[in-house]
Amino acid sequence: MQVLAGKLVSFTMFILLVPSLVSSIDEDNNDNIKKVISHKLMFEITLHGFLLWASMGFLMPIGILAIRMSNGEECGRKLQILFYVHAVSQILSVLLATTGAIMSIKNFNNSFNNLHQRLGVALYGIIWLQALTGVLRPWRGCKGRTVWFFAHWLLGTTVCVLGVISIYTGLGAYYDKTSKSTKLWTIAFTVEITVIVLIYLFQDKWVHIQNQGVPVRPSEEHSSIGNEKGTDK
């Protein structure tokens, strides 16, 4: 009887402990799943940010600098190279931005309750509109070329400005989501944009700066002084 009673007590204790053991195992499994999801989400957020930086923060400005440099070229191989650099960089920029947009729609909770998400929707639409105007580029001298050029320039400028703002707001969203500091990335991106802007602004003046140390004839000097006075008015 004592042996039977001991077995009954052991069996009863086992029945009582099974639910708690199962619950403990389930909680551990849930914690592990949450950790896996967290790491996966972190990777997707980081990849999304990198794609958008490569698109808006690097390739797009490179394309603009290339086409800006081509303004001083009349014809020849250099002009063709600069044009192809512009076209290829812009195409890659659109493809990377589209990939980042697909990732965002597929993997993120897009409630569109913050500036970064709303700006992203507008930016993706303008990017493809800009790409369409590039494909529909009329030949130089054709009717409507002036209107096309202004529209293409305006859209390109808008994409660049919104792209830079989107990257800054994206860094802020990354900090809000992960609580990880983005100060270093913000400083690095600011330095990059500052350098690009300075190169853009000094491109038109570079030839003029180089010519400052070249001796000129008196007649040419009087002519250049007159031109400078004319531009100062």
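Glycine is no exception: its Cβ is also placed from the backbone N, Cα and C atoms.
As recorded in TrEMBL, the features of this protein are as follows:
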| type | residues | note |
| --- | --- | --- |
| DOMAIN | 1-210 | domain 'Cytochrome b561' |
| SIGNAL | 1-24 | signal peptide |
| TRANSMEM | 48-69 | transmembrane segment |
| TRANSMEM | 81-103 | transmembrane segment |
| TRANSMEM | 115-136 | transmembrane segment |
| TRANSMEM | 148-171 | transmembrane segment |
| TRANSMEM | 183-202 | transmembrane segment |
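When Cβ distances are compared across the two stretches, the transmembrane segment (183-202) makes no contact with the transmembrane segment (81-103), since fewer than 3 pairs at least 6 residues apart fall below 8 angstroms. Take the transmembrane segment (115-136) and the stretches 48-69, 81-103, 148-171: counting Cβ pairs under 8 Å, 148-171 has the most.
Per-residue confidence over the domain 'Cytochrome b561' (1-210) averages out at a pLDDT of 77.
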